[in-house]
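According to TrEMBL:
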- 35-150: domain 'AAA+ ATPase' (DOMAIN)
- Gly43, Lys44, Pro45, Gly46, Ile47, Gly48, Lys49, Thr50: ATP binding site (BINDING)
- 404-415: compositional bias 'Basic and acidic residues' (COMPBIAS)
- 404-453: region 'Disordered' (REGION)
- 428-443: compositional bias 'Basic and acidic residues' (COMPBIAS)
- 444-453: compositional bias 'Pro residues' (COMPBIAS)
Amino acid sequence: MDWAEKYRPQHLNEVVGNSSAIRQMYEWARDWSPEKKPLILYGKPGIGKTSSAYALANDMNWEVVELNASDQRTKAVLERIAGSSSTTASLTGASRKLILLDEADNLHGQADRGGAKAIIDIIAASQQPITLIANDYHALPKQLKAVTEPVQFRALQARSIVPRLRQICAAEGVDCDPAALQEIANRAGGDMRAAMNMLYAAAIGKDRLLASDIRTSTKDERSTIFELVGAVFAGRKDADLLRLVMEVEDTPDTVEQWLEGNLDHIPDLPSRMRGYASLARADEYIGRTYQRQYYTLWRYANAVMLLGVAEAAGGRGVRGRIMPPPRWQKMGAAKRQKAVRAGLYRRLSSVLKIPEEALRASFFTAISILVERDAARYVREFGLDADELNLFINDKPRAARVVREAAKEEKEVKKTPPAKRGGGRVKKPAEDAPKDDPGEFRRGPPPGQATLF
Ligand SMILES: Nc1ncnc2c1ncn2[C@@H]1O[C@H](COP(=O)(O)OP(=O)(O)OP(=O)(O)O)[C@@H](O)[C@H]1O
């Protein structure tokens, strides 16, 4: 196990720095009730957001359920756990479940999509404590900000990092030169994980660590690519740029995409065109590298694009934030669309007892015509969300409206006392669905009972 993992803080009082964030978390948990807004911990990577959430749960004797915001399955799990108000102790004796929702930034740009919107709604109405984690607060959808309480985590000071490194050296029985620890802490740029990884890489298997041993840069990859792009636009020296690119773990084609995605930071068109020209030139080298499998050419690609874009940017720096390549977001959207489609085929296939292949090849158009005619009915029967309905009717605003109205109707039905429902008529299967499992209830009749006609 690497040292960052081995020495992860177990209790809040072991978390280094960020004392006001820690206090805010503790007070939130101490007074927690379902009316409290979920927390959103934000700040750069490696400074203790995830560790603090786990330490808090440990101190409160809460269980942790960690979910990824962009995972397709998250919505269903959230619905089940966040909807249950049970405070009875679970098998482990824990009184509550802390739902930890990582990568909340990934809801960005898709907050209007049915799935993400549903997640935001579930979060707002949760009966269990929820903590979200994000790197960039400003990039979060405003709907999410409206229903959460922000907790800012700041990069750590080198002087707070050194004592932690010293403790680890002592625990591992390595005699560490204070100058070596100071050097690591300075290089880590406020990132404790990076510092611990650097220490691990330099000291593992040794009895003594000297300042001269600190060569390996194992700083977090994500922050290094940001640093590189920032350095290019800030007009840092050529030698610095070429050194930084060697530290980045990304290949030149990825670096090229990052630079391209940020060329808009160059304000005037002629300079921006020069930036594009150097990227095009670098692209030729990258292409030839792969054609000939001659990786020496990568060096030329790096030099041409870094120095070329730096010259075009003229040291004017970036206006606003450094963004990941927009094409990644597009690829992400296509991937999500594919996942929505696959999930829908799977469900329809099980509900209608039609093999997925046959659904794809022959039935989908026919079903679409039926859904198109009576969308609200099939939203209920198939348990469709807005994205799924949109696959049938190809009309996003209408899909969102129909799903919203169906949800409203369902809420009304839930509120009405069972005796009044349907005025004494025989209950439909959907109304018999177990109430403690909203996922099942929402899906309507059990598999096999949904009918197309
Ligand atoms: N403030 C801190 N105090 C003590 N250890 C820390 C601190 N911050 C980070 N670490 C160490 O670094 C590792 C990674 O930290 P953690 O996962 O909490 O970072 P994070 O801020 O959640 O980063 P990410 O956004 O990448 O998930 C932990 O296992 C822990 O060992």
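From the backbone N, Cα and C atoms, a Cβ is placed for every residue, glycine too.
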Apart from Gly43, Lys44, Pro45, Gly46, Ile47, Gly48, Lys49, Thr50, which residues in this chain have a Cβ no more than 8 Å from the mean position of the Cβ atoms of those residues at the ATP site? Asn135, Phe153, Asp191, Met192, Arg193
Among Lys44, Lys49, the most crowded of the binding-site residues [Cβ within 10 Å]: Lys49
Any same-chain residues 6+ apart from Gly48 (ATP binding site) with CB under 8 Å of its CB? Would you list them in sequence order, or say none? Pro9, Val15, Val16, Gly17, Asn18, Phe153, Leu156, Met192
Hey, does DSSP put Thr50 (ATP binding site) in a helix, a strand, or just coil? helix
Counting every protein chain present, what is the number of Cβ atoms, excluding its own, within 10 Å of the Cβ of Pro45 (ATP binding site)? 16
List those of the binding-site residues Lys44, Pro45, Gly46, Gly48, Lys49, Thr50 whose Cβ lies under 6 Å from any atom of ligand 1, in sequence order, or write none if there are none. Pro45, Gly46, Gly48, Lys49, Thr50
